[in-house]
Amino acid sequence: MICLSSFVIYIRAGNTVSLEPWMEFILLGLTDNPKLQVILFILFFIFYIISLVGNIGIIVAVRVDSRLHTPMYFFLNNLSFLDLCYSTIITPKTLVNFLSTAKTISYYECVFQMYFFAATVTTECFLLGIMAYDRYVAICNPLLYSVIMSNKLSIQLVAGAYTLGYLNSTLHTITTFRLPFCKTNKIDHFYCDVPPLLKLSCVSTTMNEILMFIFGGFAETSSLSAIVVSYSYIISTILRIRSSDGRKKAFSTCASHLLAVTIFYSTIIFMYLRSNSKSFSHQDKVVAVFYTVVIPLLNPIIYSMRSMELQAEPLKRHPQTLNIWRSP
């Protein structure tokens, strides 16, 4: 076996495979059963359309009504945008491969897919932490809410989340695609992601795994810490409210975010922090389906069910938006 530079000539028993920048990878996908692929295509397509309608519906609803121009809905607007982005980065290509015999993805398309997917997912990690802080200020310091959560601070927090997300993605993308992929060009996944790509390398990936653990761990633990601390104060404040109606109302403002956080982080932690890249399995693919397809579908449902403002008067004042919102 001879590995040359970051692009490889792989020689074994007289067979040569040249992996160059223009070469296509093969995505093995979720299954090789044709009948099951058709079923999965239908399910993924339905989920994707509902996700598009739901997330676009939230974005439109927030934009068209001035009463929703608050930090809470500004963050929700960005959350919907991120869900829309990383679902669109993955799902359309997956749908094409379900109906294709080749199931290929070009080298640069793979780079693009991994880079923007990692960026949007990491940004969402930080954004969920920011949303927890926003709920903390709203419940624990309601009189100072408009002062603390100013438009300027809200924009700065979101900009910081995007910056950290894209820096993290840049690091992982550069270090991953500098590796020589000389074992095979078959990716045991339905999209390009770090763990299955590391399995293709013929050199040690220990440093990549350490970087993934450190920087991925930083993104998750920092945002989770903000969430845990914020909700500790929130719960303490809610328990001191004497009125049962007051406690119920206060908790209802946080329930949707708490549910979204639980679903998102449980899947992300399972995927990236539980083990190293060499143990990537079919079980990981199932979890990946959940956070690439199901979570972007669930978030609009979770938030719209809890947010009466999004379902009621603002949408009634804009019939076109209401039709879009109800179309699923």
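Cβ atoms here come from the backbone N, Cα and C positions, even for glycine.
According to TrEMBL, the feature transmembrane segment maps to 37-62 (among others).
Taken from TrEMBL, the feature domain 'G-protein coupled receptors family 1 profile' applies to 54-303.
The transmembrane segment annotation in TrEMBL covers 74-92 (among others).
Look at TrEMBL and you will find 112-131 (among others) tagged as transmembrane segment.
For 143-164 (among others), the entry in TrEMBL reads transmembrane segment.
Here TrEMBL flags 210-234 (among others) as transmembrane segment.
Under the heading transmembrane segment, TrEMBL lists 255-273 (among others).
Residues 30, 44, 47-48, 50-51, 54-55, 57-58, 76, 79-80, 83-84, 86-87, 90-91, 117, 121, 189-191, 193, 256, 259-260, 263-264, 267-268, 270-271, 310 of the same chain lie 6+ residues outside the transmembrane segment (285-303) yet bring a C-beta within less than 8 angstroms of a C-beta in it. Among the features that TrEMBL reports, transmembrane segment is placed at 285-303 (among others).
Averaged over the domain 'G-protein coupled receptors family 1 profile' (54-303), the predicted model reaches a pLDDT of 88. Within its own chain, the transmembrane segment (112-131) is flanked in space by residues 72, 75-76, 78-79, 82-83, 85-86, 89-90, 93, 105, 157-158, 160-162, 164-166, 168-170, 172-173, 176, 191-194, 197, 216, 219-220, 222-227, 257, 260-261, 264-265, 268, 291-292, which lie at least six positions past its ends and keep a Cβ under 8 Å from the stretch. Per-stretch counts of Cβ pairs under 8 Å to the transmembrane segment (255-273) identify 210-234 as the leading one among 74-92, 143-164, 210-234.
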